[in-house]
Amino acid sequence: MISFISGRWWRWKFQNTLAVFLLLICLSTSVAQSCQSSTSCNVVLTDSQGSFTSPCYPNDYPPSQSCNWTIQAPAGFIVQITFLDFELEEAQGCIYDRVVVKTGTSDAKFCGLTANGLTLNSTGNVMEVFFNSDFSVQKKGFHISYKQVAVTLRNQKVTMPKSSKTILRVSNSISIPVLTAFTVCFEIARTAQKATETIFTLSDAAGTSILAFEKTSNGMELFIGASYCSVDNLLTSSDITATMKPLCLTWTKSSGLIGVYFGGHYFSSICSASQIYTLQSGGLLQIAGKGSSSVSVDDQNLDGFIYNFRLWDHAMLSSELSALTCDTVGNVVDWDHSYWTIPGSSTQTDSTLSCSTAITTLSPGTAGCASGLGCPATLTVTITSIATTNIIPTNATTHEDIFYRSTLVVTDEQTPDRDATAIISQWLNQTFQNWMYRVYVDGISLQLITVLSRITTTRQTYLALLVYKNTTDVNLAEVEIESMLRSAPAIGNGLTLDSVTVNLMENCQADEFPVHYRWPESRPTVTQYVPCFPYKDRNASRTCMINRDNYTSFWALPDRGNCTNITSITVSQENAMDVAVQLADISNNGLSKEELTQVVTKVMELVNIAKINATLASTVVTIISNVMVSSEDAQKDASETALKAVDELVQKIEFDGPSLTISSKNLVVGVSALDTTNFNGSTLSAFIATNTTDPQIDFDSEAHNALAVVTLPPTLLQNLSLSQIEKVSRINFMFFGRTGLFQDHQNNGLTLNSYVVASSVGNFTIKNLQDPVRIEIAHLEYQKDPNPQCVFWDFNLQNYSGGCNSDGCKVGSDSNSNRTVCLCNHLTHFGILMDVSRAAELIDEKNNRVLTFITYIGCGISAIFSAATLLTYIAFEKLRRDYPSKILMNLSTSLLFLNMVFLLDGWLASYEIKELCVTVAVFLHFFLLTSFTWMGLESIHMYIALVKVFNTYIRRYILKFCIVGWGVPAAIVGIVLAVSKDSYGKNYYGKGKDGQGTSEFCWILNPVVFYVTCVAYFSIIFLMNVAMFIVVMIQICGRNGKRSNRTLREDILRNLRSVVSLTFLLGMTWGFAFFAWGPVSLAFMYLFTIFNSLQGLFIFVFHCALKENVQKQWRRYLCCGKLRLADNSDWSKTATNNTKKVSSDNLGKSLSSSSFGSTTANWTSKAKATLNPFARHSNADSTLQ
């Protein structure tokens, strides 16, 4: 029984246990199947943000899984994923379970715990995530969030379209305005050469191209309107290579000037045909597109990439182009998605682009694992840091301090004026003490105290510098810090937190200082290192500092203690080639004036020391060619050394064969063996061959379209002795494609307008040739009437620094507007000076001679009569008792010296003594200003005497006038001299038939000084004198109108005499200078010259010879017989020391009418009425003189 029961019990137990076991198996299988069936792991995700997980997450993922998530973003966006949770089976090389992320250019493989918290960015707009698990050992898997992050075109270059189906154009929302000038800048790289290439086009509303930049059979051309403007001499097709290079094009309709900025240098040319076109609005701007030719677009577009295309509606200057940065926005079109319609397939993200955001590479050791299990097998992910101001880079590979600036506004209701920085600092540190992030306070400062309505309450603003010790590579956003502070306990001590804001401290922006040292954008307290210039084997350093006053970042000064400069280079025969290569590399960069001088000096040292073979000579020529690209201002100080170095170079070159030519972009030198026994003359020419950019030399004949031709006559060696002829072995030839090295500081008002060629026979000086050397040189710019002058570079001029000299050279009769032929009786550097200012057209040689004759005759007469006026008033004491006479004496003195200095100026200028010329110019300037000033003082005296209502006594009246009349001009001239003595010097005026200045003159050279101290100064005095002239004439005419004892004719004559008298006394005739412009300029120049050169004569006539009191003094002391005036005449009894106010009537008499026959009795009565200088009179005619 027991056995039976026991058996049934075991059977029941087994059946129930088996059922439960089977049920559990079924449930387990059902759950597994449900997990697998409910999780989709092969999907395409296109939402702007979201997340996905491994199957069954957070439970263990199933075995043998294979999943693929494709995250697709629109063009202009990248994909960013973050591993919120990650746990896979660990294994070396992730050979079992793994996640593979394809970012676009590289793959990253993860397993174990390594990816937890990691953020990755795609390089394009697609990212793929693959997950694979094997048959055993499952973990909980992963949870990944993703989002689309907008990126600018700064990170992307665009592939030039290879088919007409691909259109890269400006968006429809962008309207192209009417363009009469433009600047286009972009970066470009070529992958393959084509016969014709189009880079960009602009078409009008009808689809017709009105602007295109392209390569044609004629080279690089800019198509404007309907004209082709060649820029092949500025930029060749070979300059566009596989390396991305910036390029800017400018155009101005008014001048037809086309500029090209490439490789850090600016070149320009004139395209006159483009001046008639205006680019109409409403056009379509395309990258590539249909150019000006009829070639199929598929065959015409350039093969390569374009980047950072920007357009402005004005033409930038070279200085503006050189200062362009990535942040300079095109005001018509900019490199931004909002301006362009570009297919995503045409864009490529490239971290090497010049304006791309910072790129950081995550190294394999970033995840950090000691055992090696679960470490990434391959991890070469490139992660782009999105350029924002409030996002910390999530891919930081080093534990560095991150700085925040916090602004706290606190209300103090306890102590109004206290500084609570210590209390707030303690509160901040306590707040962050037990936080999960390591944050501490590095500084705090009180910025502002505002008194509120209640006297005991103030609102205070504090700035705090917070430092986050980032030891876990975990982001800390500003909002988290703000939230922490707002939720913190109260500050206490009567302080209440009103508001708080937290901002990530700005980085120090990318900077170039000094030249050649480019510092990348840097985080605060980080020190950057860049290679030294020119020696790049050492580094300079610079630290991004924190301003402790306002907690902003700034760059400290660079530390270049480890760097050495160019002057430290040691030159010897052994290292000459190495030094030359170094200097060529240095000169290929933009050099400052100081650096350029150092390079040229070192080249001169090298040429003097080394043996010059063809290879070394070629390198030296390259250096000088690079120097010639620098600004003319930078070349000025180095030109003498550079030219002498080239001269020495061609003398020392060792060569085999009949000749040697060394070419570069801006300089070509040639040396040819000379057979003195069979020399019958020679022709040397410089030209640019087809499909080349560097000039060449032909020693045998005149090349077609030669830039310069030198023909040496058969009699060239005739003046050499036999011993000299035996030593002659070579003919040297040099062609300079740029003229910056030939800067004449005393250029006679002329401008160099040709290439420069130089030729020599050995190192001998050849001059006084029987037959001249014929030099034919092309002009740099076309001119209808060039008026050329042939000159050569004379090293003996200007203290041996060199200058232009025309001795022994003349212009050939077969010269034209494009080329000039020079005939010279010696050999040296030759060029053509040309009057490009067109000043010679205003006054021709004939008129210039006439004006010069009038000026010298007039100034001589004026000086004589100014002296006569002065002597008259000095000789007769009674004439100089009144104020007007004393003022007139000062004015006559000033005019006398002005005319005398002017007459001596041209003669003294011919002595070529700089100090003497400066002295003469200073005195001429001074006496011109004193003349203006005393004319102004004349009008001021009239104002005081005529306009003031009551009698006036001014203490030391004439002394004060003298201080102003002589002191103000002296102060002005003194200031000019103190600022720069070079403001004065010798200049040339007028032009002769040979283009030379016909008149040497010591005068003001600086136009700013001239216009400020002469033109502006005189303008002020002139306007004042005009106003006074009008007032005086109104008073005189009003008085004359009340007189009934004169006829109308007499009144008119008296008024006319007053007008003429005042006109010359107040210098009104100097105003003719304001009208010497345009077609009437010559007429007013004659009027100006005649009247102003004779001003002293007119003053003598009207204010001395025709004055009745002067005539009486002359008659009394200088005449005899009947003409002599008796001593007992009315005049001899009349006092003249009048110090009262002049009536309008008497003023008119004293200035004009009294000189033309006013009665003696009338004048005498007026004088007697005012004998007492301090008496008060009710009579309106009382006077103050």
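We number each residue from 1, going along the chain as drawn.
Heads up, the Cβ atoms here are built off N, Cα and C, so glycines get one too.
Within the set CYS804, CYS809, Swiss-Prot assigns CYS809 as the partner of CYS824, by disulphide bond. Site annotation (Swiss-Prot): Ca(2+) is bound by ASP97, ASP134, SER136, VAL137, and the candidate from GLU89, GLU90, GLU128 recorded at this site is GLU89.
Between CYS563 and the candidates CYS532, CYS544, Swiss-Prot annotates a single disulfide bond, the one to CYS532. Note on ASN539, ASN1162: Swiss-Prot annotates N-linked glycosylation site at ASN539; no matching annotation appears for the rest, which is not proof of its absence.
If you compare ASN121, ASN1137 in Swiss-Prot, the N-linked glycosylation site annotation sits on ASN121. Matching Swiss-Prot disulfide entries to the candidates CYS804, CYS822 identifies the partner of CYS790 as CYS822. If you draw a 10 Å sphere around the CB of ASN1092 (17alpha-hydroxyprogesterone binding site), it holds 22 other CB atoms from the protein chains shown. Note on the topological domain 'Extracellular' (908-915): residues 985-986, 1000-1002 of its chain, located 6 or more positions outside it, place their CB under 8 angstroms from a CB of the stretch.
Confidence for the topological domain 'Cytoplasmic' (1107-1185), expressed as mean pLDDT, is 45. Taking H, G and I as helix, E and B as strand and the rest as coil, DSSP gives the topological domain 'Cytoplasmic' (871-886) the counts 13 helix, 0 strand, 3 coil. Taken residue by residue with DSSP, ASN1092 (17alpha-hydroxyprogesterone binding site) is part of a helix. The DSSP breakdown of the domain 'CUB' (41-149) into helical (H, G, I), extended (E, B) and coil residues amounts to 3 helix, 55 strand, 51 coil.
Taking DSSP states H, G and I as helix and E and B as strand, the topological domain 'Extracellular' (908-915) has 4 helix, 0 strand, 4 coil.
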